[in-house]
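Scroll down for the structure; my scribbles are underneath it.
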Ligand code: AQP
């Protein structure tokens, strides 16, 4: 890789209650990164309007709630930049430029658009189709090098790399001429000598990259699933968590003693993965303790662990939500710091493209 300054960027949409999948697949994994490199965590409210405009009051509240969840999970505003996307105009500006870099064919292959638009593609918003370009802009406005996300975002991150590579390539000579960007130690026909945007590395690892629905082990746990029993929300109280785990779909067999025994058992695999991620263990470790046991024994242990891990966070989220002034001040401070990084990047991008700057 090239000598870009390492930087982490990630985000969650304020489209409803955060669930265990968002927590284990994304937010909880951000926490240790804060001590390794500069980190930026965004509440991506501009993405939250792509599938239809939510109620305006609810959107503002959900933005504060996701911020509270970040902080309750351990994202520290003195270490990380926390802000809401719409406050930094550079995201929208760069997304427009990327609309002109990305190809229709690339976006047409995005599976999340196909899933979210469903059968009624003609009626989906242009914003939903162009969502991955905005995501690329979120990341590249900070020239972020690392993006920790769940497995469902893998394809969008590949697109982000394609956009960065095409921009670097299309404007390679110009970037060199202006003397900006960083040298590419391994130039090739695909990547020129001087690069402006990094080819961002996805960070998708661990036992919880795709937490599945508690009602159907073949479907991703999701905020938009109509069944609340399908997910554990970070705002659920202990009784609700225990009830949802008790009612989680399973098969009639005992847990296997080895991970291979979880193949073709999506619900068992999911619950073991959740236990592993919550306990900071591997699936192998969990099966060492629970292999051969029935779900009637495993589910209460899982409930106990989930409540022990999530309850303190839920309490802290409630406490933070009572102090909206504090949340808004964290977001304001974060937006100022984020703008200070993104503004010069967009200034460079305008120069590279040739937009006349007369101000
Ligand atoms: N089930 C999941 N398992 C692991 N990681 C997940 N993520 C989402 N669901 C799971 C990760 O959470 C981060 C934020 O996601 P998002 O809110 O921006 O959007 P999403 O992926 O569309 O989340 P949902 O819950 O599935 O929302 P809806 O229902 O609105 O589509 C990302 O890093 C994502 O990978």
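Backbone N, Cα and C atoms are what each Cβ position is placed from, and that goes for glycine too.
These numbers come from a predicted model, not from an experiment.
Here is what TrEMBL records for this protein:
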type	residues	note
BINDING	13, 14, 15, 21, 22, 150, 151, 152, 211, 220, 221, 222, 223, 224	ATP binding site
MOTIF	14-22	motif ''HIGH' region'
BINDING	138	L-tryptophan binding site
MOTIF	220-224	motif ''KMSKS' region'
Cβ-Cβ distance under 8 Å to residue 221 (ATP binding site), same chain, at least six residues away:
19, 20, 21, 211, 212, 213, 214, 230, 231
Can you grab the distance from residue 138 (L-tryptophan binding site) over to residue 15 (ATP binding site)? Cα atoms, rounded to a whole Å.
17
Anything from the binding-site residues 13, 15, 138, 223 with its Cβ under 6 A from ligand 1? List those in sequence order.
13, 15, 223
Please classify the secondary structure at residue 22 (ATP binding site) using three-state DSSP.
helix
Would you count the other C-beta atoms found within 10 angstroms of the C-beta of residue 211 (ATP binding site) for me?
25
Other CB atoms within 10 A, centred on residue 151 (ATP binding site)
15
